[in-house]
Amino acid sequence: MSSVIERFLRYAAIDTQSNEESQTTPSTGKQLNLARLLEQELKELGLQDARIQEGYVYGTLPANSTKAIPAIGFIAHMDTSPDFSGTDVKAQLVENYDGQDILLNPEHNLVLSPADFPELLDYIGKTLITTDGTTLLGADDKAGIAEIMTAIAYLTAHPEIEHGTICVAFTPDEEIGRGADQFDVAGFGADFAYTVDGGSIGELEYENFNAAKAIVKVKGRNVHPGNAKNKMINSILLANEYIVKLPPQETPATTEGYEGFYHLNDIRGDVEETTLYYIIRDFAEDSFAKRKETMLNLAEECNKKYGSGHFHVEITDQYKNMKEKIQPVMHIVDKAQKAMETVGVKPLIKPIRGGTDGSRLSFMGLPTPNLFTGGHNYHGRYEFIPTFAMEKSVEVILKIIELYAEEHSN
């Protein structure tokens, strides 16, 4: 078993699920279990400044060259999504995949099928890592952590490879949008960085959604149902009216590429009050602004029908499209593309239909595009990752480092 696979399996077994309702940093104490392990492993690899700061793990591999090679950062996040259990992950290796259904869990008859996930057929003959069907896998983003750590281990074992300063960081709470909240850009010390938090092999991303969350509070009036005629106002039914007035063709399930959406991801309520939790996503700034305006205007429209105060919308921006911060330093994307091509990986440059720590870090002065990890179907029981893609990710990281050293050696 290659070292990147061994590392990933160890990291995946540690529960690091984040919690959006917590106000601490990190949002869950269990993320520190992985943080402490990574700090220790970085120190064992010779990164003597390895440290945990505000729940973030930082470390620096000093340059072994006197040339003016830029300091390059590599970043991954420790937490897993709160959308699905990350407790007691039991990863399974499927060797020499034959293109058929994979039985994840005989007891619950859970199957990972190419009929549902046709991308599986791209990996016939390869080794896959899957879940046992009861948890997510955590390749998002423990695969990225394993790939960065393996690359650092390779560099420390091969001091003959010339490189500049290499900065690594592992962040908490990326899955709940707080991964960059306490990130110490100045202390990190990189001129630019890459998050290793993408999907399938070859993905290279420097555009992402503009993102906001919207909380819609709907007020009703509860009265005993036995004498409720012309008195009761059921907030659940009012909330449903709001939901169905948003464009049904503009949801995650009906959009792709550069198309934006409204996503209702939680509802909590009763007759007296119902709360709708939305996320709003779009690539273009004008379209993004229009979506926010649509939600506010819809609340006004509903209030005109039912009376002032029944509907209230609160919108909070979360992150912006990093494209405007990456374009002035496109050499970092070009170098990653060349690195992939050099190691035999076809680059797939595409927009991120989501966000990474890099999107916010780019606006904090650290331009940070995103590299693939190799994983698929994040945030659920059908998550999987081909082992060869993880190995290629390590090669790409090392090649980026090598290319910058070569460029500044001439």
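We count from 1, first residue shown onward.
Including glycine, each Cβ sits where the backbone N, Cα and C put it.
Annotated features, as they stand in Swiss-Prot:
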type	residues	note
BINDING	HIS77, ASP140, ASP197	Zn(2+) 1 binding site
ACT_SITE	ASP79	active site
BINDING	ASP140, GLU175, HIS379	Zn(2+) 2 binding site
ACT_SITE	GLU174	active site, proton acceptor
Env. residues of Zn(2+) 2 site, Cβ within 8 Å of mean position of ASP140, GLU175, HIS379 Cβ: THR80, SER81, ASP83, LEU136, ASP141, TYR378
Mapped DSSP class for GLU174 (active site, proton acceptor), helix or strand or coil: helix
Rounded Cα separation (Å) that holds between HIS379 (Zn(2+) 2 binding site) and ASP140 (Zn(2+) 1 binding site): 8
Remaining residues near the recorded Zn(2+) 1 site, that is with C-beta within 8 Å of the centroid of the site residues HIS77, ASP140, ASP197: ALA76, ASP141, GLY144, GLU174, GLU175, THR195, VAL196, THR356, ASP357, THR373
Rounded distance in angstrom between the Cα atoms of ASP197 (Zn(2+) 1 binding site) and GLU175 (Zn(2+) 2 binding site): 11
Position of peak Cβ density within 10 Å, selected from the binding-site residues HIS77, HIS379: HIS77
Intrachain C-beta neighbours of ASP140 (Zn(2+) 1 binding site), sequence separation six or more, cut-off 8 angstroms: THR80, SER81, GLU175, ASP197, THR373, GLY375, TYR378, HIS379, GLU383
Listed recorded positions (ASP79, GLU175), ranked by Cβ neighbours within 10 Å, top entry: ASP79
Where ASP140 (Zn(2+) 1 binding site) sits in the secondary structure, as DSSP reduces it to three classes: helix
For the recorded positions GLU174, ASP197, the one whose C-beta sees the most other C-beta atoms within 10 angstroms: ASP197
Pairwise Cα distance for HIS77 (Zn(2+) 1 binding site)/GLU174 (active site, proton acceptor) [Å, integer]: 6
Alpha-carbon distance [GLU174 (active site, proton acceptor); the residue listed as 'active site'] in Å: 7
Where ASP197 (Zn(2+) 1 binding site) sits in the secondary structure, as DSSP reduces it to three classes: coil
